[in-house]
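The following features are taken from TrEMBL:
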- 105-253: domain '3-oxo-5-alpha-steroid 4-dehydrogenase C-terminal' (DOMAIN)
- 110-131: transmembrane segment (TRANSMEM)
- 143-162: transmembrane segment (TRANSMEM)
- 200-223: transmembrane segment (TRANSMEM)
Amino acid sequence: SMQCFPSLVLALSSLLGALALLQLSLYLRVPSRYGKHEERLCRPRGRVPARCAWFLQELPSFLVPALTSTEPHEPGLAGAAFTWTCCSFFWDRTFIYPFFTRGRPFPLQLLFFGTLFCIYNGFLQGYYLIYCAEYPNDWCTDIRFTSGLLLFLLGMGINIHSDLLLRQLRKPGEVTYKIPQGGLFTYVSGANYFGEIVEWFGFAIATWSLPAFAFAFFTLCCIGPRAYHHHRYYLKTFTDYPKSRKALIPFVF
């Protein structure tokens with residue numbers, strides 16, 4: 001049976017924070033090479049169909065925490081609840097989202113590194129919540145838990161709704177890009193990304209844990225720049241793109 005090693009949690013969380021800063025430095029000026037940003041850059045040789053790629057990449061994020069939580073160990077009500085809250089998002093990302101996406105084929109290299117990251121982060125979050133996290137019995141009434149859970153659910157709702165709106169833009173077989181409309185897309189170009197960032201910062205507040213904050217920071221540094229590049233792409237591609245629309249944060253940026 002596994003036990004908690006705080007030094008391991010600190011080391012893995014710190015590395016995750018460093019990876020976040022690396023992502024930010026790599027992709028702030030140049031977008032990551034997939035989807036709509038692949039056209040302007042050299043195309044990678046090996047590519048995987050989008051549905052298969054998203055499924056394979058996200059599967060460890062669901063399986064690793066889920067399998068970790070089956071160990072003969074009592075994580076406590078809060079720890080178990082947080083683990084399965086985390087798994088509920090990745091259930092959608094693994095078993096629902098990939099089978100409805102209409103994205104372009106995914107570079108094999110990005111799939112490989114994405115899968116490695118999902119294994120790494122899945123282990124870190126699951127390991128901490130199951131073996132290290134300790135919450136008082138009244139944690140469910142704590143302002144951090146209630147406000148964080150509210151943010152998580154709000155962000156998850158925005159994320160799933162925005163993905164649905166994006167899917168509806170294209171008919172089966174279409175690969176052309178169109179202007180997203182409705183929902184939070186009225187205010188920002190990266191509504192789906194905004195929802196995911198809000199979601200994981202909510203999770204971090206609710207769990208009040210270093211690994212969760214490190215992951216929320218990584219999410220911000222990873223998909224925040226992508227929302228910015230999406231915004232620039234839309235402005236450049238569509239002359240009628242709404243000028244009042246921001247990139248990521250409504251009315252701000």
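FYI, residue positions are counted from 1 along the chain as it appears here.
Keep in mind that glycine also has a Cβ here, set from the backbone N, Cα and C atoms.
A Cβ distance under 8 Å defines the sequence-distant neighbours of the transmembrane segment (200-223), meaning residues of its chain 6+ beyond its ends; these are 9-10, 12-14, 16-17, 19-21, 23-24, 27, 82, 85-86, 121, 124-125, 128-129, 133, 144-145, 147-155, 190, 193. Long-range contacts of the transmembrane segment (143-162) within its own chain (CB-CB distance under 8 A, at least 6 residues past either end) are made by residues 78, 85, 89, 92, 180, 183-185, 191-192, 194-208.
If you take every residue in the domain '3-oxo-5-alpha-steroid 4-dehydrogenase C-terminal' (105-253) and average the pLDDT, you get 91. Summarised by DSSP class, the composition of the domain '3-oxo-5-alpha-steroid 4-dehydrogenase C-terminal' (105-253) is 103 helix, 4 strand, 42 coil.
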